[in-house]
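Enquirer: Sequence annotations record features per position, and here Swiss-Prot assigns domain 'PLA2c' to 34-584. What Swiss-Prot records for ASN32, ASN77, ASN121, ASN158, ASN168, ASN213, ASN386, ASN487, ASN511, ASN539, ASN563, ASN580 (among others) is N-linked glycosylation site, and it gives sequence analysis as the kind of evidence. Here Swiss-Prot flags 1-21 as signal peptide.
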Amino acid sequence: MNLKEWLLFSDAVFFAQGTLAWSPSNSYTPANVSCDEDINLIRQASGPSDNETEWLKKRDVYTREALRSFLDRATSNFSDSSLVSQLFSNASDIPRIAVACSGGGYRAMLSGAGMLAAMDNRTDGANEHGLGGLLQSTTYLAGLSGGNWLVGTLAWNNWTSVQDIVNNMTEDDSIWDISNSIINPGGFMIVTTIKRWDHISDAVEGKQDAGFNVSLTDIWGRALSYNFFPSLYRGGVAYTWSTLRDVEVFQNGEMPFPISVADGRYPGTQIIDLNATVFEFNPFEMGSWDPTLNAFTDVKYLGTKVSNGEPVNKGQCVAGYDNTGFIMGTSSSLFNQFLLQINSTSLPSFIKNLVTGFLDDLSEDEDDIAIYAPNPFKDTSYIQDNFSKSISESDYLYLVDGGEDNQNIPLVPLVQDERNVDVIFALDNSADTDYYWPDGASLVSTYERQFSSQGLNMSFPYVPDKRTFVNLGLADKPSFFGCDAQNLTDLNYIPPLVVYIPNARHSYNSNTSTFKLSYTDDERLKMIKNGFEAATRGNLTDDSSFMGCVACAVMRRKQQSLNATLPEECSTCFTNYCWNGTIDDTPVSGLDNSDFDPTAASSAYSAYNTESYSSSSATGSKKNGAGLPATPTSFTSILTLLTAIAGFL
């Protein structure tokens, strides 16, 4: 069944049955459902869930075959490829792969799409000129903010391919049709825009009328969904995150395990720092490995009022709260950054006053971010000793964009020792520099986190400072970190090897603004094409041995644990691609401009609203994902604000 047939079938099932794993209300509004009277929805984060563990057994069947094929092809010119056979002689010695897709708005979604396409054997030319089959060999696929839009789009559209999306780009209701701004989706067709926002308003107001707290992220997530699920009724208004459990391609383990990342915001605060609790959403659960929570809950029953995991009303749960768009919006919600900086922007005064007024009202109720209420972790007993209990004591759970702690690549869920990942491909489409290219800042932040209180139970390989990243060219092309496990023994455990793939110019200036909210068909294709080239060293033209080097990185952890002989070609690869510990901290101008720097956000917002960006633009603003003006708490007045803002976009 192809993508279009599946989408039509899914919509038909939705209207015919209504329930299944979709929202039981057939709408955006959560609803009460029956559940076991003795059910407990929370567990300690002592390892993967039973559901994930059982799923991994199915996935391993597919990755084993795909990885063997990839490694055989990649090492076909090696003088000695016996290591591949040695690894596959025992199931426990087969490497486990993860891919992490960074944030960065549509830039990250499109460039990241090209990078994933380079790893996907369903992409035209990926086997001949790329890393085709690597994605089929991958167990975990994590996304954050714009990277989560990419992961969520592929996973929740029946594991479609980037190639299929590209092939259908000119069709009606095509995925990622962002020719018009998300704020003005109808373009010159004003009626279309008004109708869209009327539907969004109705959906969110329905949730509010049912007694659930709503926030700007509800609106943002609903608006985004029309771009990701255009063939589903009203952008999948009743499509839930847990629906994926019942989709055959996931049930059978034919696709990677998708993970979305968001940050927790402590009650009564606005600033997000490196000690923020990192949350993950997967098809079975949401929660955190961090000691400040150390727990997971069943994502299907979010919205249920609980005490330490037990429903307050025995035998009664809530379902439909885990709307797919809401969770994808949560990972890209940046409204609190504007709350900090809106007054310093150069917006026209009447719009600034309008926006600031709404933001002030929202701030008082802390509705400027994603709010999960009732708190699914209320009274949880799994928080580790000597850590704040503020999350469990609050009636609400507050979540924000997963990169606001400066970890713009979702690495934390993938480096957990219990998941046994051997290598992580870190796709970095951040806008860290003045010219909106990455500079390794995300890797630096995750490395530093392991030495903070939140990093009590994690490890990450050594990486250099940002200046060294730039001075040594580590942010211009793929680089490997943690190549020698013998140098990592002083960490909590041996972490995965990290293959860092940064956004870089090959055939197109892909350093576009995160606030660029519309792309023409041509721009989309060029962004995707450039991403493919960034992941493949220019279609393997810059280095014809790169695929073999990727194979070496994949095998490295298991090769060292077995004390097996390293092919001489791998030694050459590691000399060329592994960071060898050299530091060059010569001052570099234009760094420290993170996607999530609130000061940069204000100037970025101003620039976006006063400049016109063309397809050849090599500049842009530096703020991630959900950089939209605040929306009024009175949903009936939403169009007033949107119409005013649309005139400046």
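Placement of Cβ uses the backbone N, Cα and C atoms for every residue, glycine included.
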Enquirer: What's the most sparsely packed of the glycosylation sites ASN32, ASN77, ASN121, ASN539, ASN563, counting other C-beta atoms within 10 A?
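Expert: Each of the glycosylation sites ASN32, ASN77, ASN121, ASN539, ASN563 was scored; lowest Cβ tally within 10 Å is ASN563.
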Enquirer: For ASN121 (N-linked glycosylation site), identify the closest of the glycosylation sites ASN158, ASN511, ASN539, ASN563, judging by Cα separation.
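Expert: Closest by Cα distance to ASN121 (N-linked glycosylation site) among the glycosylation sites ASN158, ASN511, ASN539, ASN563: ASN539.
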Enquirer: Give the distance between the Cα atoms of ASN563 (N-linked glycosylation site) and ASN77 (N-linked glycosylation site), rounded to the nearest whole Å.
Expert: 22
Enquirer: Looking only at C-alpha atoms, tell me how far ASN32 (N-linked glycosylation site) is from ASN213 (N-linked glycosylation site), rounded to the nearest Å.
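Expert: It is 16 Å, counting Cα to Cα.
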Enquirer: To the nearest whole angstrom, what is the C-alpha distance linking ASN487 (N-linked glycosylation site) and ASN213 (N-linked glycosylation site)?
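Expert: Between the Cα atoms of ASN487 (N-linked glycosylation site) and ASN213 (N-linked glycosylation site), the distance comes to 49 Å.
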Enquirer: Would you mind sorting out which of ASN158, ASN168, ASN213, ASN386, ASN539, ASN580 (the glycosylation sites) have a C-alpha within 10 A of the one on ASN511 (N-linked glycosylation site)?
Expert: none
Enquirer: Rounded to an integer, what is the Cα-Cα distance in Å between ASN580 (N-linked glycosylation site) and ASN386 (N-linked glycosylation site)?
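Expert: Cα to Cα, ASN580 (N-linked glycosylation site) and ASN386 (N-linked glycosylation site) are separated by 38 Å.
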Enquirer: What number of additional C-beta atoms lies within 10 angstroms of the C-beta atom of ASN580 (N-linked glycosylation site)?
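Expert: Other Cβ atoms found within 10 Å: 9.
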Enquirer: Based on Cβ atoms within 10 Å, give me the single least packed residue among the glycosylation sites ASN158, ASN213, ASN487, ASN511.
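Expert: Least crowded of the glycosylation sites ASN158, ASN213, ASN487, ASN511, by Cβ count within 10 Å, is ASN487.
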Enquirer: Counting Cβ neighbours within 10 Å across all chains shown, tell me which of the glycosylation sites ASN168, ASN386 comes out on top.
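Expert: Going through ASN168, ASN386 one by one, the largest Cβ count within 10 Å is at ASN168.
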Enquirer: Give me the Cα-Cα distance between ASN213 (N-linked glycosylation site) and ASN77 (N-linked glycosylation site), rounded to a whole Å.
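Expert: Approximately 60 Å lies between the Cα of ASN213 (N-linked glycosylation site) and that of ASN77 (N-linked glycosylation site).
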Enquirer: Between ASN158 (N-linked glycosylation site) and ASN386 (N-linked glycosylation site), what C-alpha distance do you get in Å?
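Expert: Spelling it out, the Cα of ASN158 (N-linked glycosylation site) and the Cα of ASN386 (N-linked glycosylation site) are 44 Å apart.
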